[in-house]
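**Student:** Here it is, the structure, as structure tokens.
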């Protein structure tokens, strides 16, 4: 009986605290692990430094992995879950065939759990790795909110309605982005992530060999010839730089490529077919510094990172990023994580109140 009373009192306290926390503070915020795992962000940065030192192209793969996760079900790590018998997960959707970087998230998560068991979510591990992929390729430092929890569902059927289809027009892209309250500017700014990374030849073959399902935006003739030399018909494995001008540097060179009809993907080239996105492409292509693009990218990236986040009692902190937690382990893990998240949010709220008082 006493144990039951204690449990009820604990629940009551949690309800009171949740009532005190504002809706804004109840979401992710910068420094969520400052008390519970203060070395977390430094550890992710160190691991990404080592990984990109050996395989520079992984940076672009991690950026894509993060964006795919966020646009399909929110930034809650559903892209990381494996399929199970009778159920196909997001990662096995045909549209995600070329998505890479899962092993990078697993490796970093293992290091985090060794230092702070059960504290940092898989979704935050991926988010921080993507943030550092930009920074380590000479891009801007992004003050990234954390505190995400992991979802426990992943459905391949959700990928199509929330992903650009092969040969998507700029109108299609704008419609997709509008579902998440993103503008034409967000579209063209986040497309700038293609300044690093690679794409499989299978992705661009329709542009090179005339079998695109829809009319394709123009592609520079000399660039087409060079790409045909790299990608033979039927080649599904070769990787090609998205930004051949400076493939290892996060900069505005991507926009220079697009402006001269050398955007590798049809969705890159499509940015020239809308007045707003075209104007931004041309402005950055002629910019004398990366400052405006960097500033804009920080804003759009942070906004993307907040799509559909799970916090507090929603979701879990996965033990393995590729699988949901066993039922027996969920209650204790959830209780600890909920307490951690509530405490962090309350501190955040109190700090804001002190600022208002003084």
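A Cβ is built for glycine as well, from the same backbone N, Cα and C atoms used for every other residue.
Predicted automatically and left uncurated, TrEMBL annotations should be read as such.
The shown structure was predicted, so the numbers you read here are calculated from the model rather than taken from an experiment.
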**Student:** According to TrEMBL, which stretch among 124-143, 144-163, 164-183, 184-203 corresponds to the feature region 'Disordered'?
**Tutor:** 144-163
**Student:** So which residues does the region 'Disordered' (144-163) touch in its own chain, when a touch means Cβ under 8 Å and the partner is 6 or more beyond its ends?
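**Tutor:** For the region 'Disordered' (144-163), the list is 27-33, 41, 68, 71-79, 81, 83, 87-93, 95-96, 121-124, 127-128, 131, 176, 179, 301-302, 305-306, 309-312, 314-318, 321, 324-325, 337, 341, 344-345.
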**Student:** Looking at the binding-site residues 195, 243, 251, which has the shortest Cα distance to residue 64 (site 'Transition state stabilizer')?
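**Tutor:** Closest by Cα distance to residue 64 (site 'Transition state stabilizer') among the binding-site residues 195, 243, 251: 195.
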**Student:** If you count the other Cβ atoms within 10 Å of each Cβ, which of the disulfide-bonded residues 75, 321 comes out on top?
**Tutor:** 75
**Student:** Just checking, which of 37, 116, 201, 231 (disulfide-bonded residues) has the fewest C-beta atoms within 10 Å of its C-beta?
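**Tutor:** Counting other Cβ atoms within 10 Å of each of the disulfide-bonded residues 37, 116, 201, 231, the minimum falls on 116.
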**Student:** Per residue, counting other C-beta atoms within 10 angstroms of the C-beta, which of the binding-site residues 164, 243 reaches the highest number?
**Tutor:** 243
**Student:** Most Cβ neighbours within 10 Å: which of the disulfide-bonded residues 70, 122 is it?
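**Tutor:** The residue with the most neighbouring Cβ atoms within 10 Å is 122.
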**Student:** Rounded to a whole angstrom, what is the C-alpha distance between residue 37 (disulfide bond) and residue 194 (heme b binding site)?
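**Tutor:** Counting only the Cα atoms, the answer is 32 Å.
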